[in-house]
Amino acid sequence: MKSQNKYSIRKFSVGASSILIATLLFLSGGQAQAAEKQVNMGNSQEDTVTAQSIGDQQTRENANYQRENGVDEQQHTENLTKNLHNDKTISEENHRKTDDLNKDQLKDDKKSSLNNKNIQRDTTKNNNANPRDVNQGLEQAINDGKQSKVASQQQSKEADNSQDLNANNNLPSQSRTKVSPSLNKSDQTSQREIVNETEIEKVQPQQKNQANDKITDHNFNNEQEVKPQKDEKTLSVSDLKNNQKSPVEPTKDNDKKNGLNLLKSSAVATLPNKGTKELTAKAKGDQTNKVAKQGQYKNQDPIVLVHGFNGFTDDINPSVLAHYWGGNKMNIRQDLEENGYKAYEASISAFGSNYDRAVELYYYIKGGRVDYGAAHAAKYGHERYGKTYEGIYKDWKPGQKVHLVGHSMGGQTIRQLEELLRNGSREEIEYQKKHSGEISPLFKGNNDNMISSITTLGTPHNGTHASDLAGNEALVRQIVFDIGKMFGNKNSRVDFGLAQWGLKQKPNESYIDYVKRVKQSNLWKSKDNGFYDLTREGATDLNRKTSLNPNIVYKTYTGEATHKALNSDRQKADLNMFFPFVITGNLIGKATEKEWRENDGLVSVISSQHPFNQAYTNATDKIQKGIWQVTPTKHDWDHVDFVGQDSSDTVRTREELQDFWHHLADDLVKTEKVTDTKQA
């Protein structure tokens, strides 16, 4: 009898417990749904439909499971309900505990919602953050979620069973799979961690706000159940990172489709920062041709390189000619830039006179359309106006200076320009007074204090026998001008700088008409060209018209590449002389005046050192103004060694050429301490 009573009491206890579980099922289920509605109020209607369809699917699966195990849940619930009133005290106590638990959950939900908003704001501020930093943040959030989950599990231990049953009807979008009832709690906990980490890593390549939402929802849904992989292999965060393109798949087809659709609807692609990529590419790119800022240059006054006779810049030169400033050895101007010196290559006429070239040099620096002057154009019979230059130093004026460095005839051209700036052109001034009209500021004079220094390299200040004996012959001039005429056609890019003489085909002019017109040009009988100015007569005329400026530093560099013959006083060309100059070098070496024989292949040493009628001194460390400072003659240096055009010369190396120009540029910077009027 006693055993029967014990059995009845045990049966009663089981029945009361079942009633309690059923009651908690309905109460907590309704309250959990209310809590989820509050948290997910902002979610789209699509999320709600998706979650409901998933819940329905899982409910059907649970029903099937119960039928397979022979459990009649409905009948069992009805039998237990009849005895509900037998233990009101226990039921009320459990109701109270359930209410307290739901309140705690609602508080946690509110905290999670606030944390979610904060994470979204932080993520918005750091959209351009390093992906590595984002990964670290996600891992930290996962760890925090795990810790929060353990604490939450301890608080809700009493209602664990009811939560597990209710989860099937209220499974949120963050966890799309479920666990089999046969799994124990430790397996459930492990699989919850894996799936939540998987979901976070799956969203990581997408919008960071979505990823942070999942971290927050991870804490809210810490009791949700997932179905394990068949092989039950433990996954780590690092494994998931390496397989972001193939995350853990849901076990059901409907779950897979619903999950993917929700991700597609809420995902926003995070595009690379294009500006950052461009800045990085620039930073890593080649810096060879980078131009330093004005404040970073060693020289205050720009250096302007002025080429000589038959000189061109690369954009207009015949293809058979090497780069003028450096040849194949180096680009002198670019090398100066790379080493902190602001420098330019002037582009002026290759065969024009010193006067025409000086005018062109002025406009090359200042900018504007070339005006050769009305009087000059009328005197020599060519066009008054020439090409238009953009200008490299548009603010060039008294007080704003430049360094002028001229090679060969370029040294004469520089001297002519300085004379025009300081004293103007008396002929142009008189012509303008008589005929009125405009006059270029260059010809008015009173433009002193615009040149800091004048440096010449192998310049025939007193002319050269090479031009006297060969260059000024009618046959030679005819050949050269014919070449200029040929390259003057409208389809040619080569420019000999003789357009003012008509040696440039007009756009609508046939080539036959162009040739006929050129034959009538005054160029063929004029002295207004480079051939004449390079003769000793032409150079002497320039020396009479020019003078030294007491405010300018003058310096000359001279080379020689000949040696005395064995049986005479004549000079013979050295073996390493630039081959085209061997003939002219030997001709000059036979000159009647012995002092003119030593030469660099084109220019005699005595002519390159200084103009005969102007003061000079040997160059020293002391910088002097208003006088030619003559540097020691550089032996075994021919006419083009100063500019590195002889690529076959193994004696003169690139390093030697580079050292020469660095030393020259450094000297120019030192002269600014003497010529800078701003310091006075």
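Glycine is treated like the rest: Cβ placed from N, Cα and C.
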Notebook entry, point to check: Can you say which of 39-58, 59-78, 419-438, 639-658 is given as region 'Disordered' in Swiss-Prot?
Noted result: 39-58
Next item on the list: Find the one among the recorded positions ASP638, HIS639, ASP641, ASP646 whose C-alpha lies closest to that of SER408 (active site, nucleophile).
Entry: HIS639
Next item on the list: Write out, in the order they occur in the sequence, the residues of the chain not among ASP638, ASP641, ASP646, ASP649 that have a C-beta within 8 Å of the mean position of the C-beta atoms of the recorded Ca(2+) site.
Entry: ALA561, ASN576, MET577, PHE578, TRP637, HIS639, VAL640, GLY644, GLN645, VAL651, ARG652
Check: Least buried of the binding-site residues ASP638, ASP641, ASP646, going by other Cβ atoms within 10 Å?
Finding: ASP646
Next item on the list: Between ASP600 (active site, charge relay system) and ASP641 (Ca(2+) binding site), find the distance joining the two CA atoms and give it rounded to the nearest Å.
Entry: 9
Notebook entry, point to check: List, in sequence order, the same-chain residues at least six positions removed whose CB sits under 8 Å from that of HIS639 (active site, charge relay system)?
Noted result: SER408, GLY458, GLY559, ALA561, PHE578, PHE581, ASP600, GLY601, LEU602, VAL603
Notebook entry, point to check: Counting across all protein chains shown, how many other Cβ atoms sit within 10 Å of the Cβ of ASP600 (active site, charge relay system)?
Noted result: 33
